[in-house]
Amino acid sequence: MKRRFTHIMAALAAAGSALAVPAMAEGPTTADIMNDANTPGDVISYGMGPWQQRFSTLDKLNSTNVSKLVPAFAASLGGEKQRGQESQPIVYDGTIYVTGSYSRVFAFDAKTGEKKWEYNARLPDGIMPCCDVVNRGAAIHGDKIIFATLDARLIALNRENGKVIWNKKIGDYQAGYSATAAPIIVKDMVITGNSGGEFGIVGAVEARNVDTGELVWHRPTIEGHMGTLNGQDNGITGKTNATWEGDLWKTGGGATWLGGTYDPGTNLVYFGTGNPAPWNSHLRPGDNLYTSSTLAIDADTGKIKWHYQTTPHDGWDFDGVNEFIPFDAKMGGKNMKLGAKADRNGFFYVLDRTNGKLMGAHKFVMQTTWADSIDLKTGRPNFTEGGRPGAPSGAEKGEVVFSSPSFLGGKNWMPMAYSQDTELFYIPSNDWGMDIWNEPIAYKKGAAYLGAGFTIKPIAEDHIGALRAMDPKTGKIVWEYKNPAPLWGGVLATRGNLVFTGTPEGYLKAFDAKTGQELWKFQTGSGVVGSPVTWEQDGEQYVAVMSGWGGAVPLWGGEVAKTFKEISQGGMLWVFKLNN
Amino acid sequence: MRPSRRAFLGGISAAAGALALPALGNAAPLARVKELGVLRVGLYQKNRPWSWEEDGQVMGIDADIARACADALGVKTDLALFPADEEVSDDLRNVVWRGGLLGFRRCDVMMHVPFDRQFAAQETEVVILAPYYRESFTAACANDAATDCEGVPTQFRGKRLAAEIDSIPDFYLVGSFGGILRPDVGHYTTGYEAVSALGEGKADIAVATRAQVESAMAGNKANGGADIVPRQGPLPAMLSPGWDIGIAVREDSRSLGFRLEDLIHGMAESGQLKDIFARHGVEWRNALALQPNT
């Protein structure tokens, strides 16, 4: 009897899985990924939907019961590679996929936390990445998990077993290219940016066939460079020498190191571009397009539809890579298709996402010394006189200019979230400035050089980090949470009136989305610099985040370093649910 | 000469002076190199004529000096070419005192480190010593009647100018003289390539280091390129007066550093250094710190 019962159970289980598996075995399609924001049972894109609003419609976990949130399990990334976990988990078909620092991918069982497989990219010896060894996340499509490596390759793994399906070089690491951003999936293409610290690189956005990794289109971000579509020339970017002199455009910078977002409605991908090169802005008069900008690129053709430059003629190393997040709202009595970007330069920009027209620009940090406002008519900053670091003379230490935000930005890489309920953006920001001067005693490649000296310093007594709730329509900061150490992790908002973010001090924290009241925190054992996600599984709501201090901040130091000198490194995935 | 140099070094590196050394038990790093039988040397990649790779071989003045040192110590060399980081300070961290974040193993010694009192005072994790060359910036020109290589730089307007990207020659040409030369500057990956462009008919005037100019001229001659002439006079308003080049070891490896310093300065006295430089077409110039009048 007992035996027979077992058989029946086995048969039922088999039947159940036979029914469930085929649907999942194919893996998520582009349509599924486009619909990610509406399917709370999984997380199948970076940012939880193509707009990357990082908003979940789940409300089982909410501001009234979040105090009962407890760990379900934790999983280690193991080994000696315990630093810099900036990844966002992907959750699909009972598996949590995370990328780790040092170009690794892990698959964990979403119920138990047991490791299913691990992939370690083999990195070349001579590689020295400029800004730590992080990776920000993977993309999932069909049978594949796709991620980028520190030696500038894009690798597609079989999501069931971690075996390589294809592996493509997307840049020459020996020429200084690297890759750390999460790829995005658009129309069966995988779209990536590029990154590199070394002088001489040129930013680009590229689309590849998701099944083969073959290049579909390539769009350089600096004017004068030729784009391609299906192997054919596809027009140059901008107009050669319009905003650059001489041949400086050939090595103009503008790396797209943070990846991009996509709006299915306009069929545009939005990528932010990095700062221009060389660092000394006096050597490159002009706006230096399209550096420190947001580019809207047609997803089918790779042509630039519009651009908006947040920092023309960037002389502060501000960069403009920050995510541009589409959202719909009523502005001036009209339903508008908008997008928002909290820039390194300290201003929060709202643009019409169909044409790039500036609708609003507001400070989201305590202080901006380089410009006091943005001209809404021209879309250009009103620069502050004397706010630009001087030209180096080579003779003596130049005048010290205080500049705020520091070059690490009012907001760095860490993504903000938008709640469709409160209609607020939640911005992980930092209040810090820098002293910057010309450094006559500088050397590069063993030769004399004209460098810049700088010291980053806090500008407030009680905090550097500040999570701010910004009303995009008015620019009003509705609430703020101040944190002693700089914030360096992503944000998650939910229908349960909750906002989650991590702190370098090791906490994952939950706040009331309307008031900013801190409702819950949990100590993960190392700094949290990853992006949290939430999903529903077996009728319960889960929250997951990576813990592992690292990223660019600990590489700098100065006065700021005092706020995190006691923080240990780590490498753990933490998963939480309600203690019922 | 030597005692005064040691006194200078005692001043620029952190703690122990030469006299205190034996008591500190700092013989270990030197003994370790001998025991392992290998001297691991960090060299800049793509830094011709100092160090570069060609057909799988590590070439260059710095590579040859490193090999000569290893020969004298009776050990083999492990020549590690590394990519330059943003500034030398970063290279010292990656190559000498910490190692790379991704497993680049730190070296016993790094070649081609600026020997400069103020710079050394900032770099407390390493000892910089054994100055072996005096470097400076100069110009060279295609040898044609239309180009006056001795002219004032404002006369270079309209000529095809060449410089290594993001270097002082670059800043000099692009930024000086009110920026009037800016549209004429072509950028190259290295100073050696900038000078070689003269011989290839791609440029008229190049600004680079003296070693890059001399070695590229020699290489150009060997390749049968067009004639190149060096500028004789100094470059007005040049942003650097020149600098000495030495080596760096980790702060706890003074015993090895001092031994290498003795070897390198022995090579200077014996003429071996001069020969090594000459093999690469470069005239050896003694470091300013070692010249009698300083």
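Positions of Cβ are set from backbone N, Cα and C atoms, glycine also.
Curation plays no part in TrEMBL annotations; they are all automatic predictions.
If you check TrEMBL, you get these features:
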type     : residues                     : note
ACT_SITE : A:Asp317                     : active site, proton acceptor
BINDING  : A:Glu198, A:Asn275, A:Asp317 : Ca(2+) binding site
DISULFID : A:Cys130-A:Cys131            : disulfide bond
DOMAIN   : A:45-357                     : domain 'Pyrrolo-quinoline quinone repeat'
DOMAIN   : A:486-543                    : domain 'Pyrrolo-quinoline quinone repeat'
SIGNAL   : A:1-25                       : signal peptide
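A distance of 6 Å separates the Cα atom of A:Asp317 (active site, proton acceptor) from that of A:Asn275 (Ca(2+) binding site).
Residue environment of A:Asp317 (active site, proton acceptor) contains 23 other Cβ atoms, counted within 10 Å of its Cβ in all protein chains. Within its own chain, A:Asn275 (Ca(2+) binding site) has A:Gly253, A:Gly254, A:Thr291, A:Ser292, A:Thr311, A:Asp314, A:Asp317, A:Phe318, A:Asp319, A:Gly320 as residues 6 or more apart in sequence whose C-beta sits under 8 angstroms from its own. If you average pLDDT over the domain 'Pyrrolo-quinoline quinone repeat' (A:486-543) in this model, you get 98. In this structure, A:Asp317 (active site, proton acceptor) belongs to neither helix nor strand by DSSP; it is coil. Residue counts for the domain 'Pyrrolo-quinoline quinone repeat' (A:486-543) under DSSP, split into helix (H, G, I), strand (E, B) and coil, are 0 helix, 30 strand, 28 coil.
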